[in-house]
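J.: Pasting a structure below so you can have a look.
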Amino acid sequence: MRAQRVPVDYRPRSARLSSLSAVTGLNVMSDPCSFSSFTRCVTKHLNLHLHLDFDRHVIRGRVALTVEALEDRFSTLTLDSSDLSVVSVTANGQPARFSLGPKHSFKGTPLEITLPFDLSRGQHVIVEVTYETSPSATALQWLTPEQTAGKKHPYLFSQCQAHHCRSMIPCQDTPSIKHTYYAQVSVPKDLVAVMSAVRDGQEVDPQDSGRIIYRFRQTVPMPSYLIAIVAGALESREIGPRTRVWSEKEFVDKAAFEFSETEAMLKTAEELAGPYVWGQYDVLVLPPSFPYGGMENPCLTFATPTLLAGDKSLSGVIAHEISHSWTGNLVTNKTWEHFWLNEGHTVYLERMIGRCLESEQFRQFKAIGGWKDLQDSVNTFGANNPLTNLVPSLQDVSPDDAFSSVPYEKGFALLYYLEEQLGGPEVFMGFVKSYIQRFAYSSVTTEEWKNYLFAYFKDKVDILNKVDWNAWMFTPGMPPVKPQYDTTMADACNALSQKWLQAKDQDLNSFKRSDVKTLSSHQVIEFLSLLLQEDPLPLTHVKKMQEIYDLNAYMNAEIRFRWLRLCVRSRWEEAVPLALKMATDQGRMKFTRPLFREVFNFEKFRDEALRVFLAHRAGMHPVTSGLVSKDLKVDVSNAASQ
């Protein structure tokens with residue numbers, strides 16, 4: 001007799017609690033990733049004074065939080081913090097008692113503040129915290145001049161998503177709370193500072209004539225994870241009526257060319273989703289160690305330099321970040337368990353922009369590629385891993401460890417499936433636009449999204465009731481339904497990949513340079529992705545592919561990344577140094593982690609992968625080095641001493 005599997009409720013704690021609250025009448029909504037008590041009080045505004053110290057790699061900060069009490073006799077509050085040295089706390093100018101609680105593995109340390117008076121529900125207090133960050137703050141990467149393109153000046157950038165803002169600013173670090181902010185940032189006069197806000201002038205620092213204070217104003221309420229700061233030898237070029245591109249001067253003209261279609265994308269997004277409310281839309285190209293493809297910081301999208309392919313083929317990343325101006329920044333997931341609400345809708349909107357600017361076939365083609373990325377993530381995590389749920393439980397799980405393409409592509413697949421069921425792209429885009437208007441400036445849960453979906457399509461509830469919501473939301477692995485995507489653009493990629501997979505040695509001379517020359521960059525990426533889904537090709541085939549197609553010469557990062565993985569998998573030893581070079585020349589996790597994993601899995605070069613990682617680790621972003629350490633099973637305590 002087969003052992004009975006005990007059914008596990010894989011719904012996130014918030015979903016289990018919300019059904020519990022329906023029974024008990026209690027509001028037990030909480031964020032498993034934050035110490036701050038957002039049911040008791042909410043931050044309305046932050047006023048920041050930041051002094052960037054490039055010698056000590058710290059920010060000396062003073063933050064005034066305007067906090068509204070949500071209950072009577074309110075006298076204590078908890079802020080999130082991580083590795084901060086807190087100097088003093090005041091409340092409305094009076095000294096306030098404070099203490100730091102025990103340190104949690106990834107949540108940091110609760111900062112407990114006792115006010116010298118009580119507040120009534122609805123009253124505001126200004127809590128001012130004077131503090132200093134740690135040189136190892138997880139939100140910040142301090143680059144030496146050698147790590148920049150210009151090699152002359154240091155550089156600082158922040159990456160607060162998901163839960164790292166607390167290492168830069170003591171705050172209620174949860175996406176369920178939105179606030180405005182004003183900032184004054186002091187930097188050495190050779191550097192320029194920019195933030196995720198509208199620029200509001202500059203002046204010589206009255207305390208130090210060798211420094212400049214830059215001022216910023218963000219009038220649209222936003223969650224803490226979208227606070228962003230950069231300081232470096234930055235230049236900018238105007239590329240549209242509301243867009244400048246920023247980077248070191250070595251990249252700025254290339255970036256201005258690459259992102260010249262930004263305004264067309266913004267206009268298309270506005271037609272689809274409604275007015276752009278953030279005023280400015282600038283793009284900042286970061287140094288190579290930036291761990292993500294892009295980051296949707298309001299008014300200032302961060303972009304990886306790996307997008308500068310010279311052929312505008314990677315503009316999908318900018319379409320994605322533009323889309324976040326509505327889904328993510330304007331309507332935000334209430335906790336990281338509902339991250340798919342940010343990313344699934346953003347991928348959906350990004351592909352709708354592609355549909356408008358290219359074609360429906362192009363949208364379908366990108367969806368096919370996305371399904372493969374989802375398959376890769378499910379394979380990496382394991383098909384029974386609850387982190388492959390669309391809505392996972394993050395009780396005692398760091399959002400960094402849960403990060404994958406699942407919320408993006410499983411989320412998109414659900415929305416596309418609903419689009420097919422409910423009447424096509426125009427009909428479903430009508431819902432998405434209405435959802436954005438309904439929940440603008442707020443944070444939502446999956447349950448609220450679903451209730452609104454049922455209300456909007458009230459005449460199609462019978463169709464919605466047939467959806468297997470439990471399988472889509474709370475079951476690990478691939479989605480319960482695979483959409484039938486249009487394969488027109490994929491057929492050429494399929495045919496070529498099949499030809500290579502079936503070729504015997506004597507057939508290798510039938511391949512020609514024109515095989516790939518007739519394909520777009522997107523199709524070459526798809527061709528290589530298809531080969532990566534199969535058993536490794538014989539080494540003879542991969543060498544022949546290089547001889548005919550000269551794939552080593554491709555500078556497009558998406559192509560190069562897949563090609564080098566294919567070579568290492570086929571045990572082509574000459575590709576190993578190229579793969580490790582790409583893994584360390586840039587730090588985008590999408591590329592760096594799989595490249596290290598491929599070399600690590602090539603038994604003969606396992607030690608080499610470890611050696612190269614340990615040699616480059618200090619120059620990596622802390623989130624990247626932490627995750628690569630886990631991938632390569634490096635004992636962090638031992639490695640630190642090596």
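Cβ from N, Cα, C; glycine included.
Because TrEMBL annotations are produced automatically, they should be read as predictions rather than curated entries.
Pulled the feature table from TrEMBL, pasting it below:
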type	residues	note
BINDING	Gln159, Cys160, Gln161, Pro291, Tyr292, Gly293, Gly294, Met295, Glu296, Arg588, Met589, Lys590	peptide binding site
BINDING	His320, His324, Glu343	Zn(2+) binding site
ACT_SITE	Glu321	active site, proton acceptor
ACT_SITE	Tyr408	active site, proton donor
DOMAIN	488-632	domain 'Peptidase M1 leukotriene A4 hydrolase/aminopeptidase C-terminal'
J.: Take the Cβ of Gln159 (peptide binding site) and count every other Cβ within 10 Å, whichever protein chain it belongs to.
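T.: Neighbour count, Cβ to Cβ under the 10 Å cut-off: 24.
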J.: Express the distance between the Cα positions of Gln159 (peptide binding site) and Glu321 (active site, proton acceptor) as a whole number of Å.
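T.: It is 15 Å, counting Cα to Cα.
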J.: With an 8 Å cut-off on Cβ-Cβ distance and a minimum sequence separation of at least 6, pull the same-chain contacts of Glu321 (active site, proton acceptor), or say none.
T.: Gly294, Met295, Glu296, Thr301, Ala303
J.: Please spell out the DSSP helix, strand and coil residue counts for the domain 'Peptidase M1 leukotriene A4 hydrolase/aminopeptidase C-terminal' (488-632).
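T.: Helix (H, G, I), strand (E, B), coil: 115 helix, 0 strand, 30 coil.
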J.: If the peptide binders are Gln159, Cys160, Gln161, Pro291, Tyr292, Gly293, Gly294, Met295, Glu296, Arg588, Met589, Lys590 per the record, what's the largest distance between their Cα atoms, in Å?
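T.: Comparing all Cα pairs, the maximum is 18 Å.
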J.: Return the average pLDDT for the domain 'Peptidase M1 leukotriene A4 hydrolase/aminopeptidase C-terminal' (488-632) as a whole number.
T.: 95
J.: Name, in the order they occur in the sequence, the residues of the same chain whose CB lies under 8 A from the CB of Tyr408 (active site, proton donor) and which sit 6 or more residues away.
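T.: Those within reach of Tyr408 (active site, proton donor), by Cβ under 8 Å and sequence separation of 6 or more, are Trp340, Glu343, Gly344, Thr346, Val347, Gly370, Asp373, Leu374.
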